[in-house]
Amino acid sequence: MIVIENVGPRSPATTKRRWANKIKWGFLLGLMVLIYGSHAPLITLTKVDGQVPFNASSCVLMIELTKLLISLLSLALTGSTSTLKSPPYLLLVAPYAVPAVLYTFNNNLVVVMQAYMDPSSFQMLSNLKIASTALLYSVCLGKRLRSAQWVALGLLMAAGGFHSYSTLDLQGPQRADVDEGPRLHITAWGLFLVLVYCGVSGLAAVYTERVLKSQKLPLSVQNLYLYVFGVAINGLSSLSTIGSDKRFLEGYSWVVWVIIAGQAANGLLMSVVLKHGSGITRLFVISSSILVNALLSWAILGLQLTPLFPLPCAMIGLAAYLYYR
């Protein structure tokens with residue numbers, strides 16, 4: 001006997017909850033896009049004589065420490081501190097060290113890669129992490145994507161590459177000779193490092209999502225484990241710069257503290273997305289942030305937008321429609 005379920009109209013309470021959930025997610029994702037997009041313009045505002053006045057490794061450590069303190073505060077407010085009374089099992093905590101190692105590796109790799117390519121080439125090629133994340137998401141998490149969704153991710157990657165290319169300062173030979181400015185270049189070793197960077201980036205995101213979803217622990221506890229390792233590993237990295245010409249908190253201004261607060265909030269919000277959403281949503285957030293970045297750079301820094309700027313905007317919008325319809 002075939003049983004047909006009652007598919008009558010939803011109750012007003014159910015409809016209200018659905019809309020409230022959509023509004024919450026819309027606000028969360030919009031806030032993340034704003035924070036991601038404002039990161040580079042805020043760093044530019046801190047520059048003195050074209051140079052960043054603060055120690056970059058100390059800033060990363062402060063971000064990780066802020067996320068750790070907020071996680072502890074969240075535990076206290078939710079009354080979940082009882083989970084910390086007994087020492088956690090090593091096998092339970094150890095997986096949270098992997099994302100910290102991977103992200104620290106990539107942060108240092110970005111610095112190394114600058115010797116083998118120009119920043120503009122890196123910006124364009126780094127969009128390949130969309131492809132690597134999508135492939136690992138499908139293979140490692142067993143998530144089968146529809147053909148339209150693969151097309152959407154390809155469109156998203158193309159939008160990032162097109163936006164990067166359209167904003168390049170392609171100097172003519174005569175102007176380049178006069179200005180003696182840096183030209184577009186990338187070596188074979190640089191191309192290999194970019195592929196490694198994109199692969200590690202996708203692996204870190206997919207692995208973090210798998211860990212957060214596989215363990216039935218409160219998110220605040222999981223964040224605590226993540227950021228304990230983040231503070232420890234970045235603390236060791238920061239110790240290697242003790243002999244540098246900048247002291248730990250030297251050059252910190254109110255803008256730097258805004259950057260630290262914003263990036264800490266973004267990290268915590270991203271854990272919510274990976275726990276209750278997906279890593280693909282993270283890709284759309286990052287891609288959408290380039291539009292906010294361009295608008296803020298135009299409004300705050302006076303940079304000129306190219307006539308082709310609306311095209312990547314439309315491509316990202318179309319990609320979101322194809323993926324989530």
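Glycine residues also receive a Cβ, built from the backbone N, Cα and C atoms like all the rest.
Taken from TrEMBL, the feature transmembrane segment applies to 25-43 (among others). Within its own chain, the transmembrane segment (25-43) has Cβ neighbours under 8 Å at 52, 255, 258-259, 262-263, 265-266, 269-270, 272-273, 277, 281, 284-286, 288-293, 295-297, 300-301, counting only residues six or more beyond its boundaries.
Residues annotated as transmembrane segment in TrEMBL: 55-77 (among others).
Per TrEMBL, the feature transmembrane segment maps to 89-105 (among others). Taking Cβ pairs closer than 8 Å, the transmembrane segment (89-105) reaches residues 200, 203-204, 207-208, 211, 215, 222, 225-226, 228-230, 232-234, 237 in its own chain, all 6 or more past its ends.
Annotation source TrEMBL lists transmembrane segment at 125-141 (among others).
For 148-166 (among others), the entry in TrEMBL reads transmembrane segment.
The annotation transmembrane segment is assigned in TrEMBL to 186-212 (among others).
What TrEMBL records for 224-242 (among others) is transmembrane segment.
Per TrEMBL, the feature transmembrane segment maps to 254-274 (among others).
Long-range contacts of the transmembrane segment (283-301) within its own chain (CB-CB distance under 8 A, at least 6 residues past either end) are made by residues 29, 32-34, 36-41, 44-45, 130, 133-134, 153, 156, 159-160, 163, 167, 273, 309, 312-313, 316, 319-320, 323. The feature transmembrane segment is assigned by TrEMBL to 283-301 (among others).
Only residues 6 or more beyond the boundaries of the transmembrane segment (307-324), in the same chain, are considered here, and those with a CB under 8 A from a CB of the stretch are 148-149, 151-153, 155-156, 158-160, 162-163, 166, 280, 284, 287-288, 290-291, 294. If you look up TrEMBL, you'll see 307-324 (among others) marked as transmembrane segment.
When the stretches 55-77, 148-166, 224-242, 254-274 are ranked by Cβ pairs under 8 Å to the transmembrane segment (186-212), first place goes to 254-274. Here the listed stretches are 55-77, 148-166, 224-242, 254-274, and the one with the most C-beta pairs under 8 angstroms to the transmembrane segment (125-141) is 148-166.
Among the listed stretches 148-166, 224-242, 254-274, the one sharing the most Cβ pairs under 8 Å with the transmembrane segment (55-77) is 224-242.
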